[in-house]
Every structure is written in C-alpha cells, then in structure tokens.
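For reference, the structure discussed in these notes is given below.
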Amino acid sequence: MTRIVIVTGTDTGVGKTIATAALAVTLGRPLVIKPAQTGISPDGTGDERDIDVVSRLSGSATLEFTTLEDPLAPDTAARLRGVAIPPVREYAERIRHLATDHDTIVVEGAGGLLVRLDTDGGTLLDLAVDLSKRHTVEVYVVTRAGLGTLNHTELTIRTLHEAGMIAAGLIIGSWPAEPGQADQLNRTELARVTGVPVVAVIPEGAGTWEPEAFRATAPTWFTP
C-alpha cells in the first residue's frame, strides 16, 4: 500500500515548502504533489514556485494540479477570477491513481489545514480524510518556534484529532540562528501541549542552500 505523507502548516510562511523538500530527501525522493498553487503569474515571472523549490532542493519528481494567479487562498483566488477549479474529491482520485505507480507520495498543502482548496469548501483536511480511506496517511505539521506558536499548533492538532486523524510529528520550519527564550522553551513546550513530538528542526535560510548541501544535511534535522 502506498504511503501518503501530507505536509500542512499552522499558518502561511512557516517554512512548509522547505520542510516538504527536507522530508522528500529523507523519504528517498518520492513523488511530491502540490494540489493547488496560487500567486502564479501567467507570463511565468515572479517568485520561484513552491513545487520548483522542492524539486531543486530535493531532486524529487513533482506535480502541480491547479495554478491560480492571485496570491490568495485557492478558493478566494478562483472566485476572484471567476474560474472553475477541481473539487477536493477529484484531487483525491488523481492521487489514488498516481499511487498505483509510487511507493510514497508527499502532498504539500496551501497554507493551513483548513484553507479551502476548492470553491465547494473542501480543505486539505478533507483531502487527508478521503485519502486515509484507502491508504496509510501521515500528517506532518510545520510550525514556528517563536511566540504564538503554541496556540496555533494546538489548534491545528485538535482539528486533526476531531477529524479522526493523528499527526505523525511537528516540524519547526525555521530555527533562528540566535534563538530567544521563547524559541528555546517552545522547542519542548510544543510537544508537551500537543502530545505530538517535534521530529525535525530546520535551520533558517536552509532554502537558500545549494542542493547538494541541502540533500546531504537534511536527514540530520530529523530525530532518529
């Protein structure tokens, strides 16, 4: 049975894409899927796409299902432009089809667990629940180290539990070079308040590393 790993965050900008790349390295370069990506300019200019960052850093094969122009939640971006996007159940079917050819698939969400991926209210959580009906699904939550992270992380974990899902681990997506008191305490407090272990701590700026250095070092960020 294909192992499906889902990466979500407690917020946008917590280091989810870099964490996805690091997971991909440790998992042996599985297929990485981004169901919905926003903020993509029609002419191809602008920031590097998340899926391209993952590919560059990890060397994994990647797929992107839906792209939208405005840097908003997928639901909001689609409604703004009046465009139709697939419902979450179609994403689940596509992933299940791809699973027949892959031992492991990593799925990176957009923003947090309840960000709407379609215009019918379907979320990454809904996608995870759907996929778990036929596959082993592991959910990793990427979070910050600083002030505010305990509340955001516990809310995310509680939401997972209410849906019958269990988090496989927490990942601190950007560990500061000079951590303050809150950062240092939260590294242990996160596990205490959520009951979920911190399985990886990624140094800030890791996304700017050369791919060779990233791939050589990424496994050391994870707890054995």
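Note that the numbers count up from 1, one per residue, in the order the chain is shown.
Just so you know, glycine gets a Cβ as well, placed from its N, Cα and C.
TrEMBL annotations: computationally assigned, not manually curated.
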Per TrEMBL: ATP is bound by Gly13, Val14, Gly15, Lys16, Thr17, Ile18, Asp50, Glu108, Gly109, Ala110, Gly111, Gly173, Ser174, and from Glu138, Glu154, Glu204 the site also lists Glu204
Across all protein chains shown, the binding-site residues Gly13, Gly109, Gly111 give the max Cβ-within-10 Å count at Gly109
Lys34 (active site) and Glu108 (Mg(2+) binding site), compared by Cα position, are separated in whole Å by 5
In whole Å, the longest Cα-Cα distance within the recorded ATP binders Gly13, Val14, Gly15, Lys16, Thr17, Ile18, Asp50, Glu108, Gly109, Ala110, Gly111, Gly173, Ser174, Glu204 is 21
